[in-house]
Each structure stands twice: as C-alpha cells, then as structure tokens.
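Copied over from Swiss-Prot:
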BINDING   Arg51, Gly52, Ala53, Arg94, Gln199, Asn250, Lys251  substrate binding site
SITE      Cys160  site 'Transition state stabilizer'
ACT_SITE  Asp240  active site, proton donor
Amino acid sequence: MTHSFAVPRSVEWKETAITILNQQKLPDETEYLELTTKEDVFDAIVTLKVRGAPAIGITAAFGLALAAKDIETDNVTEFRRRLEDIKQYLNSSRPTAINLSWALERLSHSVENAISVNEAKTNLVHEAIQIQVEDEETCRLIGQNALQLFKKGDRIMTICNAGSIATSRYGTALAPFYLAKQKDLGLHIYACETRPVLQGSRLTAWELMQGGIDVTLITDSMAAHTMKEKQISAVIVGADRIAKNGDTANKIGTYGLAILANAFDIPFFVAAPLSTFDTKVKCGADIPIEERDPEEVRQISGVRTAPSNVPVFNPAFDITPHDLISGIITEKGIMTGNYEEEIEQLFKGEKVH
C-alpha cells in the first residue's frame, strides 16, 4: 500500500546499478548516486551517503546481489565461497546496525538450494528486492501500531532520522507522523539536531517538511527545556540493534533523551522492525559501539569549530537500558512489559499487545 508520497526513495535497484539518495548532500542538494561495485556500496555505507539501519540492510543486500553478477564460475560451491567473501566485506562496513548482517545472511540462505550459478544469481536479486518490499509494509505497520499511542495535537520529540529515507518508505519512528498526516490528526514533532553529523536538522527536518508534517527543530541541549516548556507528550526513536532483554542501541544522545523523559514522566518509545532485534545478544553491554572519525566533531559541514588537534571521543551510538523504555513498537505489536519474555514470544510467532 503506497499513497502519494513526497519524500524520495533512499535506495532503488536498477539491474546494473543501485541508485541511492546521497544523504550527505541534504538538505541543500537532492543528488542521486549510482553504485556499480561492492566498493561503491561499502563506501556509501561507511561515509553515510546511505544510512538508517533498514536502508543500510537493503543497500547491502542489493550490493551483494550486484557483486554476485561479476562472479565468473560455473561451479555452485565455488560461487558460494566467493559470495561469502563479498558478504563478509560488506558486513564489515558498519558494526552496530544488525539489519546489515541480517539482510546479508538472508541473501546467503537464498542460494543454499540453488542447483546452478545462474539460479543462485537470480535468487539473490529476487531476495534483495523482496527485503525492500517487505520493509515498506513493515514500516507502515509500525506506524499503524504507534499511532494508537498518540492523540490529536500531541507534541512528540525525536532524535536522529528514523524516517522514510532511513528505510524503504515511511520510516520507523517517523512512520506514525506520515499516517497521522493522512488522517489529519495534527501531531507536531520536535526534532533534535543530532550532533555531530546533524541527522535531525539535515534529514529529519528536511523530510518532514517535504511530507508537509509540522516539525520544529531544536538543538540537542534544548531537549530538557523543550520537554518542560512545550509540554512534550512522548519521545519516539528508532533503533540500530535491540538486545534480547530490550536494551537498545541507537544514535548517540538517545540515552540522554530517555533519562530526561524519565525525569519528566514522559513515555519513551522505541520503534523498530523485528530485523533490528539481535536475540543472540543478551544485553546492551554486548553490542559493539562504532567510533567514528574525530573530524566529525571538530568541524561542521567542513567548517572547523574546534582546535585541529584536540582529542575527541566520537561514539556513533549509545545504549538505552530497557528499564527506561516505556514500549517497543514493532510490526507485530507493542511490547510494554517484560521485554525478554515478550521478545521471545514475538520470535515464536506469538501475539504481543
């Protein structure tokens, strides 16, 4: 189900290339890039030209299918061996978002029973496209489930960009706002700018304005004052990886928002698809946290804002403990109780709230 949608797609398959919206150029320029090699795909993910856990997974899946076309062998076993090398290479691009390895693993499984190299290559393309199609419906369902938590006129805060351009369509944390717009529910979102790479100001503010959704931009340090003065009703964020107990890795600054929400007695929600859960990881302490280039902190958009040699600590993500999370919204329902128990039920196919 797709409605008229003003926000462009972040990733598209073109048979001989992958077209991505270059998110590094936003909001000043809407530029599309063609990725034709596995190196192009790796670079696009590492340099944040494409970002957002689901979009990274989709891009990597397309990248594996694309690179597989260049594997020259008639031996299926040899084909799978070379495919595994490419998979490991792409999987090393970013360590925190579990959707990346989930999508690549799913493509690997799609060739297990292939009896020829041609069949394997075809299976890879079909599976990658299917991941994107499923993600759009998943995001719509997340939005639909999240919408029941809000009422007309609510003011809701978010951080980073868990929107349409971070997924195949709609987004996770931003999905309810697109659906609310269709139903004229008048939700208003306060977007934290999200230092150091400014995904909130460059991406979330841009895409919500493209979609005609009411948005107000604030700096990260304004969050507490805004919660108090603007009577924020709730906080909703996306996720890059969710542990077995509900601990959640998301963009740096998310943990701080959760602490503030708890202090103001404001519900704090996480919105994520099942593909973001890592049931092999017991708790947040076991999730690897990517550290990025110090220059991201020393400058903004190429303009130096700090001494060139000042030491920098630049983790891209933080971990929000499960006990600060009021609910985890998925395509299968909303979890609000014992996360470890409910996550286990979810993966057994049982219904949650």
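Every residue gets a Cβ built from N, Cα and C, even glycine.
Here the features listed in Swiss-Prot are painted onto the structure.
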{"residue": "Arg51", "record": "substrate binding site", "DSSP class": "coil"}
{"residue": "Arg94", "record": "substrate binding site", "DSSP class": "coil"}
{"residue": "Cys160", "record": "site 'Transition state stabilizer'", "DSSP class": "coil"}
{"residue": "Gln199", "record": "substrate binding site", "DSSP class": "helix"}
{"residue": "Asp240", "record": "active site, proton donor", "DSSP class": "coil"}
{"residue": "Asn250", "record": "substrate binding site", "DSSP class": "strand"}
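Its Cβ taken as reference, Gly52 (substrate binding site) is surrounded by 29 other Cβ atoms within 10 Å in the chains shown.
Note: the substrate site is recorded as Arg51, Gly52, Ala53, Arg94, Gln199, Asn250, Lys251; in the same chain, Ile56, Ala97, Cys160, Asn161, Ala162, Ala166, Gly238, Asp240, Ala316, Phe317 also have Cβ atoms within 8 Å of that site's Cβ centroid. Taking a C-beta cut-off of under 8 Å and a sequence gap of six or more, Gln199 (substrate binding site) has these contacts in its own chain: Arg51, Cys160, Asn161, Lys251. Here the binding-site residues are Arg51, Arg94, and the one ringed by the most other CB atoms within 10 angstroms is Arg51. Here the Cβ of Asp240 (active site, proton donor) has 30 other Cβ atoms within 10 Å, regardless of which shown protein chain they belong to. The number of other CB atoms found within 10 A of the CB of Cys160 (site 'Transition state stabilizer'), across every protein chain shown, is 28.
Of all the binding-site residues given, namely Ala53, Asn250, Lys251, the one with the smallest number of surrounding CB atoms inside 10 A is Lys251. The separation of Asp240 (active site, proton donor) from Ala53 (substrate binding site), Cα to Cα, is 6 Å. The binding-site residues near Asp240 (active site, proton donor), taking a 10 angstroms Cα-Cα threshold over the set Gly52, Arg94, Asn250, are Gly52, Asn250.
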